[in-house]
Amino acid sequence: QGRILEKTGLCSQITFGRYVRQGRKLGEDPKLFIQDLQFNKVPVRVYQPKATSDGRRRGIIFFHGGGWVFGSLDTYEKVCRYLARESESVVVSVQYRLAPEHKYPAAYEDCLNATIHFMKNIEHYGVDPANVIVCGDSAGGNLAAAVSQTLAGRSDLPKLRAQILIYPGLQALDFNLPSYHQNRGVPLLFRERAAFFALQYLNGHALHMQEVLEGSHIPPDMRLKYRKWVSPDNIPEKFKVRGVKPLRPSDFIAEVYETVKRFCEPNLCPLLAEDAVVHQLPESFILTCEYDVLRDDGLLYKKRLEDNGVRVTWYHLEDGFHGIISLYDYCGFSFPSGKRGLDSVVNFLKSL
């Protein structure tokens with residue numbers, strides 16, 4: 001599929017996809033002040049509740065999903081307004097640079113720089129420096145996890161209060177985990193597309209997609225090293241009852257590894273961070289969906305966080321599929337479980 005897309009002129013596919021997903025600029029919101037700004041040269045949209053507040057509010061930095069390739073401030077306008085209104089928080093939505101035009105680490109650096117700028121100028125927004133949360137869905141969940149890991153080791157900034165990871169993609173070592181098999185053909189994220197997006201972000205193209213899907217891009221010794229974190233053995237049995245056939249990875253191909261070896265960097269694949277980093281992470285909220293190829297990424301990270309003494313609130317949508325939160329009030333229709341997922345995030349925020 002990736003090769004077909006290359007041949008048919010990939011950019012036209014991506015341009016078309018962006019057009020379809022672009023969202024609409026909405027009118028005024030009676031409860032929110034909304035302004036477009038730049039944080040450290042990164043475009044952001046800030047949502048501030050109009051109501052007076054007793055003290056300083058919590059601040060949420062939001063990174064949108066879309067496979068690092070799609071998505072914009074407008075696409076997530078309704079989600080961000082909902083979070084700001086319902087949790088009475090200041091929300092900063094970040095427009096990071098997109099792949100394939102801007103490869104890794106551009107998106108990560110934009111998210112990190114915008115977050116640091118916000119933390120250093122926090123008094124302008126009436127936000128409590130001890131109550132800043134990073135949040136993202138899908139690729140945005142990947143970026144939130146990476147930013148959270150980077151800031152965990154910084155002593156010159158306030159500690160993040162929490163991280164909220166909504167069906168995050170956290171690793172590109174193994175596209176054959178149980179959830180990848182069970183949900184390989186479930187919209188909105190097919191198994192092939194997950195590898196396609198990861199490669200777009202890393203390299204700006206999807207060459208070697210087939211080898212990556214088959215697992216021949218990772219040397220056996222590294223596979224062994226990471227097996228303690230990325231393995232079906234760490235996934236509770238109840239998630240394996242729907243048909244799972246474990247595949248032996250194909251033979252290792254060194255030249256493919258050469259093109260994708262940065263998949264082993266935690267800023268790209270946060271599930272691979274060392275325990276010393278994971279141990280320092282803030283309280284975490286992880287939302288997973290049953291019908292999602294990325295379900296097991298979330299489950300594996302949940303286990304890693306808990307094993308390192310980090311408090312985790314986990315919310316699993318039994319009837320959810322990947323991307324369901326971004327469809328909240330989308331073109332006038334909404335999924336009840338998407339709203340439940342969004343409300344579980346709001347309830348977590350209010351509990352902090």
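Glycine is no exception: its Cβ is also placed from the backbone N, Cα and C atoms.
Fair warning: this is a prediction, and the values are worked out from it, not measured in the lab.
What TrEMBL says about this one:
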DOMAIN    60-206  domain 'Alpha/beta hydrolase fold-3'
ACT_SITE  Ser138  active site
DOMAIN    252-325  domain 'Alpha/beta hydrolase fold-3'
ACT_SITE  Asp292  active site
ACT_SITE  His322  active site
For Ser138 (active site), the nonlocal same-chain Cβ neighbours (under 8 Å, six or more residues apart) come out as Gly65, Gly66, Gly67, Ile166, Tyr167, Pro168, Gly169, Leu189, Leu294, His322, Gly323, Ser326
The domain 'Alpha/beta hydrolase fold-3' (252-325) resolves under DSSP into 32 helix, 19 strand, 23 coil
Quick note, Asp292 (active site): same-chain residues at least 6 apart with CB under 8 Å of its CB -> Tyr167, Ser179, Asn183, Val186, Leu189, Gly320, Phe321, His322
In this predicted model, the domain 'Alpha/beta hydrolase fold-3' (60-206) has a mean pLDDT of 97
